[in-house]
Each structure stands twice: as C-alpha cells, then as structure tokens.
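Comments concern the structure below.
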C-alpha cells in the first residue's frame, strides 16, 4: 500500500511542478512516472483513498472539489455515489496577482486535449451507441455547432441511442495523460433541448479494464448542465494518469435524451515505451509573448514594443468603448506618425466580437514579430515597414473581450462576450449602404450616373438616438481620417475567408452577391486561405457543418449568410478600402497552450496578405500649373463599375489584377485625363500619374475670387469657349426648329388627306 501511494505521490507531485512541463525530467523519473501511472490504475481505489499518507501538491490544491475528511485507509467498497461540485465559471481561479501574470485558469490547470480545436482526431472518440451518423461520437466536441436542420450529418452533439446509465463517450488521448477535469455542454439545436445533468468518469490504460473515479470511498458523481449552451467545468477529486477516459451519463433532462458536447483537460506524461514520444511538440521558434492578454496586459505589451522599436512604432487611440476602455492602434512604419505621399495605408482589425480572441493575440504577436525582425534586418519585413504604413487594432470590442476573458478560454461558451456592452453586434452596426445604392439603381433612368462609391452615410444613422455603438462610431471616424487601401477583419469560429458583398439583395438569406471587383476580392481571399497551414490542409476536418474546402476555403459573404451593415461592405462603399473577413480557427477562444501553433498557422498568411496592398496601380493626380496634388479626384477604370478617389495630397491606389486598363481621372473644375495603365505580375504597383488642366471657367472663378486681372490668354480661351457654346446651341435650336417644321408639315398633309 505505501509503495503505491508513494508512487502516486511521485506521479502527481514530483513530476508535475507548477509549470506543468513533465517532459523535461530525468530518465529515472520518466520510468517511475510510467510505473506510477500503471499502479495508479492497477490499484485505483487504493491510490485515491489512502490520502492519510498522500500530501497534495499545490498545483492541484486550489482545484480540488471534494472534502478532504472522512476518507478510509482501507481498500474501499463503493457505496452510494456522492456528487462532486462543478462550476460554470471559477472566478477565484481567474484573478491575477498582477497584470503581467497569466490567469490561473491558463497557468495552473492542464490544457484541453483539443476536442474543440480538433487536435483530437475523430477516430480517437468512440461511444457506446449513437442515434445516427449526425449524432455520432465525433460530434461530441465542445462548442460544435449544428446546421439549421436536425437530422443531417452535422447535428450539434453526441446523442446515445439508448436512455440508460450504461452509455458513454470515450476519448483516447493516445499518450499517457494526467487527467484533471471535464467540461460539458448540452446539444446545440434550435429544435431540441437535450443535456446531461450528472455523470461519472471512468479511466483506463487499455480500454478494457475501467476504474470509476472515486470521491473518497464512493463513486464520484459530477454535476453536468442545466441548459444546452453554458459550459460546466468539473475537476477530478484527484488528478489521475491514464490513456483513456469515459464520460458516463447518469441523469439527463427529463424531456430529452442523453446528448453532450465535451472537452477533456489533461497533461501529457512521458512514457519511454511510447513510440511517438520522440515527436516534437508543435510550437513556434519565434520568441513572442504567447498568452492571453487582458486590457492591462495588452497596453503593457504595446508599450514594450514601442520601447523596443521607437523609430518605427507609434500608438494612438481612435476612441473609447461604452465602458471607457480605449481603442488602441499601433502604427508600424519607417515614418509612423504621418502619411507619406505614395505610401499605402493598411490595417488589421481584430476583436470585433470580443469572445473571438485568437485575432487579438495574432495582432499582438504581429506587432512583436515585425519589431524583432526589423531589428534583425529581415529584408521582407524591412521592405514591408519602409514601403507601407501598417495600422494594427487588436481589440475593437474590449468590453466584450474582458467579459469572455474572465470566464476563461474553455468556459466562455459560444457567445459570451460576442456583443458590445450594450448588446450590439458590431458587425451589423455599420450603415447599410448596399440597399441605398441598389434602390437608386433600380429607380434611375441612367444607371451609369448612380454613385457607386463614397456613398454618404444616411441622415437617420447620424442622429443622437441612433442605435450606434461608440466603438462603431470610432472606427467610422478612423476610416474617414486615414486613406486606407486594404484591410482584413479577423474573426473566429470557422476556417474560411469571406469577401464582399456580405449583404444580399432583396434580403435573401443566402445569395452570391459579387462586387464590381469580385475577381480581385477572390484573389485576396485566396492569398490568405492558400497560405494558412490549416485551411490549406486537404485532410482537415470541417469545423461545424459547412464544408468550405469545396469552395477552396473562400466564399462570398452573401453566399454564406447575409450580413446587413457589415464593416466589409461599408469600407468598400464609403471609402477606398478593400476588406475581407478571415475566420481564423474552429475554436473562438483557444487555450493559451495552442497560441504558438496558431501563430505558425497564420504567420505567412498575415505577411503575404499585407503585401497585396502593393498590387494594381498607384500614382498622384496633380494640377498642371501649380504641380500640387488634387484631392477627391475620381479615378475610373473601364469595365469596373466602382470608382475611387485621391487622398488629400492627390495620391491614390487602385487594387487590380494583372492586365491592361483604360483609366480616366477627373476632378471638379478640371478637364478629364485618360491613360492606359498596365498591371504586371510583379509584386509591386504600376505607377500611373495624372496631370489635370483647369477649365477656363474654373480659372476665371479663382482669379475673380482673388481680385486679380484676367490674363489675355484666358480671355481668348473664354471667347473661344463661348463661341463654341454659341455654335452648339445654335445647332441645337436649328435641329429643334427643323423637327418642329417637319411635324407641322406632316400634320398639314394628314389634314389634306
């Protein structure tokens, strides 16, 4: 008995310090670890109940959910099961001693095996029974979403075929694992309500011999769910080493059936006999701060980057959230504090939905990476920084993020923190300019004269009582102040890149709704998707119920689902900026342990997408006499029914695919100018400058405004212009008179007849 307890103690104490990095131990400890694991399960009850001689390690002392008293030192005989308390949010675990520390949820507990993130493969999950393929064990993953219709292949849970206490969902961890807890949800469905109230946990090393997790001398009963969506965490009374784990439902919703979604918490244990033990754990070679950053941590990180790279970084705010948290932006460029003539402006926006946390961390990682690589002289990064002004907004919805952060990566559920503090979905909160343009086109006699860009914000949207979030107002003002050329909006919960239009015509729920720049938008989406390591994997599993691989992991926003008032559509129709949405991961809020892998999955995509801002044509529109730039000049490309405008200094950027284009530029008070511009395959924009000549009338207005004398050449041009107008009007009058005489003659002939 004492030997078994001592080995159990070694397994749970000596091998797992607070850093939970058991793979760095000596050979002797590794062997003892495996021996301890086998004895723990071989004499499972002894190891769990002989606590008189077993001292808990501080790693687990704050997570124990059972009482320490009334435990027998003899081999127990299970009696009436007792409940082990569970929790939806362990607030006491989520406090930090200082803002620089990780939350206890991320630091102390073992990480998830990867049911939600798909690190656990479908063939690692089995079940006692299931109703049909769409409710099979592979669907029993935390936060998995079902399709609109029940009964297809993609329902929202594992559901047993029988209603009895012998049903189970089993997960094979592949390696020996120190299991510490289970997180449970009910079934995701708009038609059915099903969840598990209580359950047992069983463990095994061989999937044949199983031992029930004990609570002292009795079989532990863990509390499950009271509704379908809220995740509930239950920690094992004693963390235990095994390879297999089963969830064995005992009671369930009275009007439903046995259905659940789950995540398993566990730390891998070294096993010399494991043929896969030499495999390198996935991670990143980049020395970045891979953890979740709350508001204070985010500010500290951004300050540390500016301290490290003061010459190429600048931090500013664009506004505040409803609760007063600032919306910070970092600029990275060789001249970060001002716009340089001819240099395009780029932006990444993350955290529009507060619980979709991966984008936030990737943007923070990108700040660090660009700073470090610039200092190292990485030529690719140096070129990006010197030729582009990069704006990074890591958190558009900081109020929502703080709500999700407090609950933790696995307990925030699917929607907690998604909306702003006022309950507004920010991606539906921008002005709907699509229908304004479409309505105008339908009623216009000449559709070519309908404005196709810079559509003004409707008056109702600007009123004080309009339901517009302060975060949305801040971003709109930001868009108007800076001449952005390209952007991406980083989301989570799927693996796909979507491009405008997001809103469909006539409010259709799903309909392909392309823009005039559909070909280039598809290129942008493909650039990101094809370089993302997960999206580009042809063997990857679908996240929920839609197979985006069939679309090469890109899709028109409206063809997926209609989104009136999206930021993408507003950006395209109100400014010059092209923007796509990137759904980064199946897991909206990945555990901190998965952030290095997610960085590697997206690093190349983030870089290559920024480089696309240098595609197409660019140039400066200048006044022929003064050589000054002309603001708000309209740049029109033949066969592209979407114009753009020059910035305040007269510079412009028009994103286009390779080809030869007829480009016409005009501005108020100037004669239009036309050029043919060729876009090559090279990864840089073709320079296409324009010089405009003022009309004589415009020159006359300016001279009179200054009280000056009209030059003789201008007088002659005005006389010639007026003469041309007189001749043109005379011809028009003569044609009209001839037409009238012809009609009168026809009338007279008709009367004679």
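Cβ from N, Cα, C; glycine included.
Given the structure is predicted, the values throughout are model-derived calculations rather than measurements.
What TrEMBL records for 55-111 (among others) is region 'Disordered'.
Summarising the annotation, TrEMBL assigns compositional bias 'Low complexity' to 75-88.
Annotation source TrEMBL lists compositional bias 'Basic and acidic residues' at 89-109.
What TrEMBL lists as domain 'F5/8 type C' is 108-267.
If you look up TrEMBL, you'll see 291-613 marked as domain 'Peptidase M14'.
Annotation comment: TrEMBL describes 583 as active site, proton donor/acceptor.
If one looks beyond the region 'Disordered' (732-753) by at least 6 residues along the same chain, no residue has a Cβ coming under 8 Å of a Cβ in the stretch. Taken from TrEMBL, the feature region 'Disordered' covers 732-753 (among others).
With a 10 A radius on its CB, residue 583 (active site, proton donor/acceptor) counts 26 other CB atoms from all the protein chains.
Summarising model confidence by region, the domain 'Peptidase M14' (291-613) averages a pLDDT of 95. With DSSP classes pooled into helix, strand and coil, the tally for the region 'Disordered' (732-753) is 21 helix, 0 strand, 1 coil.
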